[in-house]
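Worksheet: one structure, shown below.
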Amino acid sequence: MFKVGFGFDVHRFSEDRKLILGGVEIPFEKGLLGHSDADVLIHAIIDAILGAMGENDIGRLFPDTDMKYKDISSIVLLKEVSKLLKNKGMSIINIDTTIVAQKPKISPYTDEMKTNIAKALNIEKTQVNIKGKTTEGLGFEGREEGVSAYAIVLLHE
């Protein structure tokens with residue numbers, strides 16, 4: 001059986017944080033505000049995987065009220081979700097994602113992001129796709145207030 005999951009996440013920019021996307025620290029004057037490292041791409045992927053498995057969302061699995069997740073790398077959380085996936089006897093066919101940000105440009109970092117995600121999930125890099133988009137100056141991303149990410153995953157059970 002095949003199962004599809006969809007994920008979305010958004011975080012606002014913050015002056016005193018690093019910008020982490022797909023487990024890659026991207027040089028930029030602002031980072032994203034959040035309880036963990038606020039990696040919107042990984043969070044969207046986690047929610048997509050959890051959705052396809054019929055599990056709770058990222059906020060219930062890794063609540064921001066639990067201090068053990070404070071500033072944690074989202075790659076660590078993704079590895080935990082990978083274990084759940086394996087325990088359920090499911091495997092990833094492919095992941096397709098979109099990062100929406102006016103700035104910074106994402107394309108120079110997507111290859112390293114794919115590598116990080118594939119390694120965390122124990123899949124091939126060719127099973128992960130990442131696209132960067134702007135909103136042509138529209139919306140909160142266009143006003144450079146934050147970043148959003150969308151992910152869809154196809155699982156096989």
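Positions of Cβ are set from backbone N, Cα and C atoms, glycine also.
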Among H35, H43 - the residue Swiss-Prot places in the same divalent metal cation site as D9, H11: H43
Applying the rule Cβ within 8 Å of the centroid of the Cβ atoms of D9, H11, H43, what extra residues of the same chain belong around the divalent metal cation site? V10, L32, G34, A38, D39, V40, L41, I42, A44, S148, A149
Pick from H11, H35, H43, R143: which of these recorded positions has the biggest number of other Cβ atoms within 10 Å of its Cβ? H43
Measuring Cα to Cα, how many Å separate R143 (4-CDP-2-C-methyl-D-erythritol 2-phosphate binding site) from H35 (site 'Transition state stabilizer')? 23
Out of S36, T134, which of these recorded positions shows the lowest number of other CB atoms within 10 Å of its CB? T134
How big is the gap, in Å, between the Cα of H35 (site 'Transition state stabilizer') and that of D64 (4-CDP-2-C-methyl-D-erythritol 2-phosphate binding site), rounded to a whole number? 6
